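Undergrad: Structure below; questions to follow.
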Amino acid sequence: MNFTHNGLSGEIHIPGDKSISHRSIMFGSIAKGKTVVKNFLAGEDCLSTIACFRKLGVKIEHEDQTVIIHGEGIDALKEPEEVLDVGNSGTTIRLIMGILSGRPFHSVLIGDSSIGKRPMTRVVGPLKEMGAKIEGRQSGEFTPLSVTGGELESITYTLPVASAQVKSAIILAGLQAKGTTKIIEPEKTRDHTERMIHAFSGNVSNDNGTISVEGGQSFTATNLIVPGDISSAAFFLAAGAIVPNSKIVLKNVGLNPTRTGIIDVLKEMGAKMTIEPYESNGHEEPTGDIFIETSELKGVTIDGDKIPRLIDEIPIIALLSTQATGKTIIKDAQELKVKETNRIDTVVNELKKLGANIEATDDGMIIEGQTSLSGGTVESYGDHRIGMMLSIASLISDGDIELYQPDAIAVSYPSFFDHIDHLLVK
Ligand code: S3P
């Protein structure tokens, strides 16, 4: 990649949020009636979710950023004749298991080689406790998995890891169980599932970190507009802050407080940024525009309950930190090891190849700034966020960066390179 430019300027519309797009398909499929979803993220992960629900018998129309789901209620889901392939998507496989656990039929779940390495016991364990029969490689830790659902009992479950995917899988099973399922969340994680339940006229409550959901609810179709994905915006927030002579506007960014850790970090680092929240625009997720320009940054420490609010942004925060003065310490982030790649290793190894002063720790990394980055040959290892981080690095590197496996970026941001091209001042 060799982007010759004189800074970044102009505005881009951030594509739909991946987490919310997945949930829109799932809830549209178990609700009764026609759900119309606008600004849907047509990235590979969310297309995997559509493909799985079609195999479960749901009629789903999809064109560009609009999806129409003809839901007939959860009882209308049918035993799939083929395996359900989730591709690279952890959200699809973990959440769909929650739905399948209460369905009286058999399904087989597979994914790509990255999915085959990601831990599933965190979801399989509580779902089996509720009564689902789930089997898989290494006692249900890895795909391929088979799920035979049926009648479920409610449970009270304390999340051992701060994971919205685990929480959501249990909520989706709890919606089909006898009685009230309670999930105790020691650290708050993204609450898109809870907001979506309200949007589809269901009930869920959160009392000081205990989420309660009653079984036997039915949902009514609705229309949704998916806000832009702050995790995608994060790459351009970073670019705006570290590429010299830049001033850009990111439109339609989701500002759900469970996701805005990146904004807090940028502010603490000293980024010149302003946020203009939209007035209520008819959906349940707060949204707004973000203005950002080239900034002098300083290192920060990121740990504890800040981590779940920015877990997916740590690769790009690492790059930001190479351009900040002083030390940045990221700790309590051991969950990075079980993402699409082991992101402690992939971030540290690839940035080192470009000359960054960065070291891995057991639960995060330490970055010393400010270093100029050189060119070099790097790899995404099939991880979309690693690919995007390294592409943004090429906007500030002294020499050319060659990126292997750039295609992974289509998992969450198919228009990523078009957006870079649109913002470049040539
Ligand atoms: C997601 C939750 C997070 C996040 C992932 C999407 C979701 O994973 O990293 O990209 O949509 O619920 P965990 O729940 O494993 O932390």
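In case you wondered, yes, glycine gets a Cβ from its N, Cα and C as well.
All TrEMBL annotations are machine predictions without curation.
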Undergrad: Pick from Lys133, Lys337, Lys339: which one does TrEMBL list with Lys18, Ser19, Arg23, Ser163, Gln165, Asp312 for the same 3-phosphoshikimate site?
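TA: Matched candidate out of Lys133, Lys337, Lys339, per TrEMBL for 3-phosphoshikimate with Lys18, Ser19, Arg23, Ser163, Gln165, Asp312: Lys339.
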Undergrad: For ligand 1, pick out the binding-site residues Ser19, Arg23, Ser163, Arg343 that have a CB under 6 angstroms away from one of its atoms.
TA: Ser19, Ser163
Undergrad: So which binding-site residues are near Gly90 (phosphoenolpyruvate binding site), with CA atoms within 10 Å, out of Arg23, Ser163, Gln165, Lys339?
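TA: Cα filter at 10 Å returns Gln165, Lys339.
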Undergrad: Here the binding-site residues are Lys18, Arg118, Arg343; which one has the lowest number of other Cβ atoms no more than 10 Å from its Cβ?
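TA: Comparing Cβ neighbour counts within 10 Å for the binding-site residues Lys18, Arg118, Arg343 gives Arg118.
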Undergrad: Using Cβ atoms only, which residues of the same chain lie under 8 Å from Arg385 (phosphoenolpyruvate binding site) while being at least 6 residues apart in sequence?
TA: Ser231, Asp312, Pro315, Ile316, Lys339, Glu340, Arg343, Ser412
